[in-house]
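Following: one structure in structure tokens, then a few remarks.
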Amino acid sequence: NFGVTLNCTGEESWVDSRTVYIGQKEPPPGTEAYIPQRFPDNRIVSSKYTFWNFIPKNLFEQFRRIANFYFLIIFLVQLIIDTPTSPTTSGLPLFFVITVTAIKQGYEDWIRHKADNAINQCPVHIIQHGKVVRKQSQKLRTYYAVQDTKAFNTAEEVDTLHATIECEQPQPDLRKHINKPSLSLRVTDSVAIYTGMETKMALNYQSKSQKRSAVEKSMNAYLIVYLCILISKALINTVLKYAWQANPNRDEPWYNQKTETERQRHVLIRAFTDFLAFMVLFNYIIPVSMYVTVEMQKFLGSYFILWDDDMFDEELGEGPLVNTSDLNEELGQVEYVFTDKTGTLTENNMELRECCVDGHVYVPHVSLFSEREELFFRALCLCHTVQVKEEETVDGIKRGIHQGKSTSFYISSSPDEVALVEGMKRLGFTYLRLKDSHMEILNREDEMERFELLEVLNFDSVRRRMSVIVRSSSGDYYLFCKGADSSVFPRVVSGKVEQVRARVEHNAVEGLRTLCVAYKKLTHEEYEETCHLLNRAKLALQDRDKKLAEAYDVIEKDFILLGATAVEDRLQDKAADTIESLHKAGMKVWVLTGDKMETAAATCYASKLFHRNTQILELTTKRTEEQSLHDVLFDLSRTMLTHLHTYNDPHRLSGDYQDYGLIIDGATLSAVLKPTQDVTSNGGNYKEIFLEICRNCSAVLCCRMAPLQKAQIVKMIKASKERPITLAIGDGANDVSMILEAHVGIGIMGKEGRQAARNSDYAITKFKHLKKMLLVHGHYYYIRIAELVQYFFYKNVCFIFPQFLYQFFCGFSQQPLYDTRQSLFAFFNISLFQMFGNWTFGTLVFTVLVFTVTLKLALDTHYWTWINHFVIWGSLLFYVIFSLLWGGIIWPFLNYQRMYYVFMQMLSSGPAWLSIILLIIVSLLPDVVKKVLCRALWPTTTERIQVRQHSAHYLHMHRDKSS
């Protein structure tokens, strides 16, 4: 079998339809004018950059940071006017920051490109221009040809195929099934109409945008504050300079006479130039190096997750992945967790637990059945869309291998169908294959039975059922149907309905996924009428969905109930413990799933999202059919207000607290999010009322959700007035939208492929690892980044404040305190300045500064390692050695050395040593006193644990000595 690539041109005649010509360079004669169109290939794209847009797009994102943009302006100012410092003092750090950040982000995106290419470049055989070639196919899959095209046996014959496809435009609605389009030849089952970015999943993806952490946003806010401080300093110094120079003797002293050009320049221009010069002089109050340090801290810190052996999965042989390190600290600030159910909370490993036929319960491996029960098993072997595959590698996972040998296995869009077919195999009825439009099954006597597959009435979320029409080898026509109990029971005319219903309700409460099975026999005339009805609906280009729904409604009725099935999707290991821990940490957990309410609710109870004493509030379609949405919302709102008044009542008993949980379905959510048009109601905005209800619930379950609805919920919470930090976690392609929408997206490397993991910020193998990722790694990341940012601002203020004060002693002449270019002499009648020249005094101040801020870092260190010792004490040693070498040697590559012998001269002075030691002690003494008092009087939990550990260690050592 080959994948088929055909030459196509197309036109879009109107908004809701598309015409595609297959194998034709031009449309058939008589066709109206058309515009040739290129359709997308089937590539998966999860990367953010391309080779061509990396530099402009990355530069745009980096210069959105206030510090980077500020230093770019300062650098341009230094190039334009004469300033106290060289342009390299701003340009070189800025270039280094931009380059390092670009390399880091480019590396992370390169990892995404590699993951995409692993999927997109799978080698397969395809037919192109009449020749069989092997090429990278963008993941073309193998399909079996339908009966109408089986005459095309060679590549040349396939290349001669001519057809016209008229179909709907791509649409993202997963609930709206796009049926077979109208064709001049019936080849729809072998032509992919919607591929790549036009598939439903791709259309449900949110557009990728640069995620920025809350800490980075707050850094920008603080930078604006410091920028205001900088402007204020420059403005004050400019005003004071002209106030000082109001005296003609001070305006033009003998040692700094003005040029003729300066004398003729307008005073406002001179003032503005001086203002810019002061801005450049004080510009180091904005820490440009902070960004690159933060970037490197995040990048290197991400390896703590990668190196965590507790998060390594032995079964998969994989550990966690970090797709971006920009959001590390965000993990420690999460307030809302949005999680998928199937494959995330559960294992997505469906297993048939039992079958109920006419009220009698059967479990796998039972071998004695009646004729009625065998009909039930045949129905499950035939009513599905399961395909039989040989060994295949999907997203790097090999399937179809048993004990080292290649075997066949079942695949389907629904894991429930696979579980049912595999369960039938254990009960003695094996589905073999679909061959020549015939479904082949092996019964318990090892005899092959062939049923011709005539029609498939596909599942959709409105009908909540699917049906097939088959013809047995004896010529009998059967219509088999399976679906949700609520959609099957009303269409049953006979069978033991009450017994089956009781069993279905029992299994739903136990958290099992239930389906009901029914059938009816058709006469040949009834079948012909059914075919006519279906074909007429399928070929309709206008209102096709409506006409198909009407046809299905006519066909699927008057059933005989056979029984029901119960499939178990086991909860993941420690999923309940993880959710409970997240609740204790103050996070709110929402479950967003496409499953039905009863099954999802049972899983929520099992995972401890809901407790037995939780009062469940329902906001579902069933309830809004009985009451208006307005009334339901206000009833729930009143319930919550009563709860809040009771909770805040000082006379209430301690055990009176009521825990609430909310359940909402997709249809009701759409109504809630839709702006109300009823101006007469007092409801106002339903969304605000809904948000208020959710805020007061300990947990929320959203069932029957489409992918975009999941993203809408996350976006709604993000945009609420509290602006909470959100996290979304899922395992499938249908979770990508909410993963991209949330502040932090986590993908689980599960059984639904790697789409979620590739599009996420972080990927883990099991839901239980979320606990350590948030409560341990996230907590430490946030502490580290908070300490780092505060320390940088502290360091830069310490650096620039002496320079600001120094202007009061140099006549506001923009004289740099550190490494000045001007002559060495003392201006002022101050003893310390009389002892040292300007350079020596600046070196003394800078030495005090270096030792003070470094020892401050040592005081703030929570945990000492050899790396801390090496960096802190090594920094001080490096400063001393560098200063000695830089000022003690005449370097031949320098034209002049302003700092020659300055450091040695300072160290040769006793008052300098005394000044350095006293200033360092005075600067750090308040910090030391504060830390001692706080540790003694108000110790933190960490400090209490440290004291206990130290006491236990001391007692242990004392006992050892005594013994």
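Heads up, residue numbers simply count up from 1 along the chain you see.
Cβ atoms here come from the backbone N, Cα and C positions, even for glycine.
Annotated features in TrEMBL:
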- Asp340, Thr342, Asp731, Asp735: Mg(2+) binding site (BINDING)
- 36-89: domain 'P-type ATPase N-terminal' (DOMAIN)
- 757-829: domain 'P-type ATPase C-terminal' (DOMAIN)
- 834-940: domain 'P-type ATPase C-terminal' (DOMAIN)
- 63-81: transmembrane segment (TRANSMEM)
- 221-244: transmembrane segment (TRANSMEM)
- 275-294: transmembrane segment (TRANSMEM)
- 839-859: transmembrane segment (TRANSMEM)
- 871-894: transmembrane segment (TRANSMEM)
- 900-925: transmembrane segment (TRANSMEM)
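Overlay of TrEMBL feature records on the structure.
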| residue | record | CB count, 10 Å |
| --- | --- | --- |
| Asp340 | Mg(2+) binding site | 30 |
| Thr342 | Mg(2+) binding site | 27 |
| Asp731 | Mg(2+) binding site | 31 |
| Asp735 | Mg(2+) binding site | 32 |
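Note on the domain 'P-type ATPase C-terminal' (834-940): mean pLDDT across this stretch is 83. The helix, strand and coil residue counts that DSSP assigns across the domain 'P-type ATPase N-terminal' (36-89) are 26 helix, 0 strand, 28 coil.
In terms of DSSP secondary structure, the domain 'P-type ATPase C-terminal' (757-829) contains 44 helix, 3 strand, 26 coil.
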